[in-house]
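Asks: A single structure is presented below for examination.
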Amino acid sequence: MKGMRMAPSITPQPIAGTAVGSESRPWRPMVAQDVVSRRVWEQITRPYEASVPAVIADLEFDLPDEVVEDVTNAQQQLVRFDTEVGSITAPFASILLRSESASSSQIENLTSGARAIAEAELGERADGNAPLIVNNVRALQAALDAADELSAETIIRMHRELLHRTDPGITGSYRTQQVWIGGGSYSPHDADFIPPHHERVAAAMADFEAYSGRVATLPLASIAIAHAQFETIHPFPDGNGRTGRALVQAALRRTGLTTSVTVPISAGILQQRTRYFDALDAYRAGDVVPIVRVFADGAVLAIVNGRQLVDDIEATQAHWADRMSGLRSDSAAREIARLAIGHPVLTSTFVRREVDRSGPAVFRGLDQLVERGVLTETTSQSRNRLWVAQDVIRNLDGFARRSMRTR
């Protein structure tokens, strides 16, 4: 995605349904004539066609009966999963939130193992994609915290959480430049998709907010449509996909489809990655059915995978209970083991802060868990001592592998 700077905000022109229109815009070359071929120069000095998003604040849509049935079933499954998992004492809310963030990042080809992500969360890993995924966790948490307050301010805030540590210059506002997807580096002329000119972004996002705030009879279908509209507007220079999927989680919470846990719907979308991007194209051509199908199927696939993760974690807890036989119920070791379910990589500093025990008690508990095979002691990139719950890491990596099985 490339861009050039330009100016303010105008009202989007109405277009039927969700199909995008287009408008001709002048392009100012960002390179000198003498560094490109004549063919390229002739191309990048011509006007280009930017998309004009549909106005959807009052959009009504009809879905085929079978799609309505699938969406209704997916909604019921979401509520059921949220209720069942939310009642379990293990820290599944944080486990599933990280799993959703990792899956959403994988859709953008940002992959990392569970151990690397857990290390990055503690500040013990600074390279690779893991720190980016941890930033996505923070953006998702910001989205959930502001689930009932959808506004330009809250959307910009969650985008800032995503990118201000790695690319602060593009955070803090909607974009002020033209962006494009695919095509060449010099201009948008050969792009696969050219989002609206930045002068249209503020009004288009206000329209997005108006649509998202409506009460819907099929909330999951409306969430899918709102997501496709957000990705069409592409309000930021980068991070739109991850921000958009964080907004999906906020919408699930706002509409009551979830109340306690994060259903890792991005894991279900990841299994249909090609269908997902094709569905966004179909939406821009005026057909909402494919993106609604992707979300209905994605919710069910995510719940199947999420249930397996819950079962795996509970099996790990049972296995650990056997290994910890003989330890007092109020021992530091048992408290640290409970902590390790939600945080599978530990430092002594983190443990002392979380369990509120003395230094000697913490180290004694860690040693007991290492002796019993619950934790493994190792070192970080910065040579600090780490304690790793390998069983939980395997559970989380298993979830990620299942998410990669395309349908």
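Residue numbers in this text run from 1 along the chain shown.
Glycine is no exception: its Cβ is also placed from the backbone N, Cα and C atoms.
Predicted automatically and left uncurated, TrEMBL annotations should be read as such.
The model shown is predicted, which means the values in this text are computed figures rather than measured ones.
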Asks: Region 'Disordered' per TrEMBL: which of the ranges 1-22, 67-88, 111-132 is that?
Replies: 1-22
Asks: Go through Asn240, Thr243, our binding-site residues, and report the one whose Cβ sees the most other Cβ atoms within 10 Å.
Replies: Thr243
Asks: Which state, by DSSP, holds Arg242 (ATP binding site): helix, strand or coil?
Replies: helix
Asks: Hey, what's the Cβ neighbour count for Arg245 (ATP binding site) at 10 Å?
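Replies: The answer is 26.
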Asks: Quick check: which same-chain residues outside Asp238, Gly239, Asn240, Gly241, Arg242, Thr243, Gly244, Arg245 lie with their CB within 8 A of the centre of the ATP site CB atoms?
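Replies: For the ATP site, the extra neighbours are Glu108, His159, Leu162, Phe236, Ala246.
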Asks: On the 0 to 100 scale, where does the mean pLDDT of the domain 'Fido' (150-297) fall?
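Replies: Mean pLDDT for the domain 'Fido' (150-297): 97.
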Asks: Please list, for the domain 'Fido' (150-297), how many residues fall into helix, strand and coil according to DSSP.
Replies: 87 helix, 3 strand, 58 coil
